[in-house]
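Report on the following structure.
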Amino acid sequence: MDNAQPKTIVEKIWDEHIVHQETGKPDLLYIDLHLIHEVTSPQAFEGLRMKNRKLRRPDLTFATMDHNVPTIARHFISDPVSRKQMETLYDNCQEFGVPLADINHPDQGIVHVIGPELGLTQPGKTIVCGDSHTSTHGAFGALAFGIGTSEVEHVLATQSIWQNTPKTMNVKVNGRLSPSVTAKDLILAIIGKFGVRFGTGYVLEYTGEAIRDLTMDERMTICNMSIEAGARAGLISPDETTIEFLKGRRHVPDGEAFDEAASRWKSLATDPGAVFDAEVEIDAEEVEPQVTWGTNPGMCLPVSGSVPDPEAAESISEKAEIERALEYMGLEANQPVSSIEIQHVFIGSCTNSRLSDLERAVRVIEGKKVKDGVRALVVPGSQTVKKEAEARGIDKLFIEAGFEWRDAGCSMCLAMNDDIVPPGERCASTSNRNFEGRQGNGARTHLVAPEMAAAAAVEGRFVDVRNFSSTPV
Amino acid sequence: MEPIRRHEGLVYPLNRSNIDTDQIIPKQFLKRIERQGFGQFLFYHWRFDDNGEPRKDFSLNEPRFEGSSILVAGENFGCGSSREHAPWSLQDYGFRVIIASSFADIFYNNCSKNGILPIQLTEAEVQQLMKNAEQTGYRLTADLETQKVYDSTGFEADFQITSYMREMLLNGWDEISVTLTLEDKIQKFEETHS
Ligand code: SF4
């Protein structure tokens, strides 16, 4: 009878991973893949050591270094505390037998870029990482979510985690995106429309024609920012696009085993008629290129718009919030977005640092130059992305235009290494968070798509990429 | 983990919503490999100016809030990153109870693993507490056993918490030890699902 009941992909994955169930308690779920990086793991390994515990499944654990790593002259890490954190990860991986793509490894990169790249990320898997943007892996139809360090330790020791059954929300994107409007614009518009809390307590499933049209890279951009809507996880049911992407990847089975896996993966997709706990809808056609003006990702506008006026706010608390954000961002009420001048451009982060992101950005600036006084950085998401881009000559085009071409890492997304935006200066950034101080103390971040960032680098201010590009995109 | 049953303490009101983990503890302090000693970095850029001097215009620096152990904040507290350094810094600073009208999921969970009691009240109740806490020396009691928050002048509110989290906090359980009692089930799962 159970088979007759239509189910969402979340329910299917959930049911397959229950180790233990008891009334009044969360479920104990098995974890198929545990990703690790240097910042949120040292205390977890230390906890294991203190209690004399073993790492249960080193073979289901995979580590890399990304948050702290220098993206230039990477063999000399000047900050002794960063160096110590990386050495600690290296030692922990040695001691507990965890595979590691360290700073010298050709596979090194941002944890959410390399998981899919290596084929570690697969449909139907439960994936966790001590990092909130683990939601990225949901693009493959995996149930992937960020956890804290205590939970990292718990997964290391038990390969499982206690979780309350999540509620599901259908985020339905009708119609198709207009040309030159990207997945980044879509997810910013979704968060702008429904707010930074609408996903709290839910797993979001993105559905609809516009989502089906997206490439895997674009789907990752969407799922990546689910956490910015308050959701711990966001996912997309697997289809042919998913399967095509995975074929031939290192950790994906091949031959007959691949065909078997592929049909299993496809069967995970949400059944027609499955019931969600909630649903929201947006029309893709109405989405324009977006720019954030404030200090959270929900504070965003179409590039043709103007910064909000606190006097027009609907409540006292909203008014206070707008005023605070305007003050921090150094903006005037009603100022057109196109008048905002920037001094920095960052193309990178787990949201927008894959090969296709760099390709699309470079097309916008080909034959043009970065404006005087603007510092522009391209930081590929992984060393593999870097290598492939170089093989296509993309690095040269960026460098000729006046961009800096770096090694892979999180870099200016959170400015834990030396890539920092100075106080009071403004950055057009393809990352996912515009919180106060995120890119440096006092730094002002505007989140945009790679094309928009590239165009801003040339003009020194925000311009509508749809009227900008001379080469068709 | 230190158990928490009933906690009575001085209230610190911070009337902002969407306080993210980058504000609770900025990234330059995430490089340490220890769990302790993060309290000094709590709300760092709000508390200190560029020279490391305490900012006069940030209320936590006022003497009347010295020794506070109950934080009251607006909605969506703890949004953003999964960094457990956020609850570590709050706890190390001296906070044992955090009251807000809503919490971000990962942060809420992280609190419970560190002996911090996160309490969700309604927006109206939170605003009432913000007002009450304007009087110097305003104290509250949070009772996990009865799931109530109250003061000595008649404020009282009930709160919800899952029985699992409640037990965990009341007993100060080490969750891994609890899970390891189910090791045979984990093993069986592995045998049947590989
Ligand atoms: S790129 Fe930014 S958001 Fe992504 S994992 Fe690194 S720090 Fe986090």
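Easy rule for this one: first residue shown is 1, then count along the chain.
Placed from the backbone N, Cα and C atoms, the Cβ positions cover glycine too.
TrEMBL: automatically predicted annotations, no manual curation.
In TrEMBL this protein carries:
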type    : residues               : note
BINDING : A:C350, A:C410, A:C413 : [4Fe-4S] cluster binding site
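Overlay of TrEMBL annotations on the structure.
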| residue | record | Cβ neighbours (10 Å) |
| --- | --- | --- |
| A:C350 | [4Fe-4S] cluster binding site | 28 |
| A:C410 | [4Fe-4S] cluster binding site | 32 |
| A:C413 | [4Fe-4S] cluster binding site | 29 |
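In three-state terms derived from DSSP, A:C350 ([4Fe-4S] cluster binding site) belongs to neither a helical nor a strand segment and is classed as coil.
Those residues of the chain, other than A:C350, A:C410, A:C413, with a C-beta within 8 angstroms of the mean position of the [4Fe-4S] cluster site C-beta atoms are A:D66, A:H67, A:I110, A:H112, A:H133, A:G348, A:S349, A:T351, A:S353, A:G381, A:G409, A:S411, A:L414, A:S431, A:N432.
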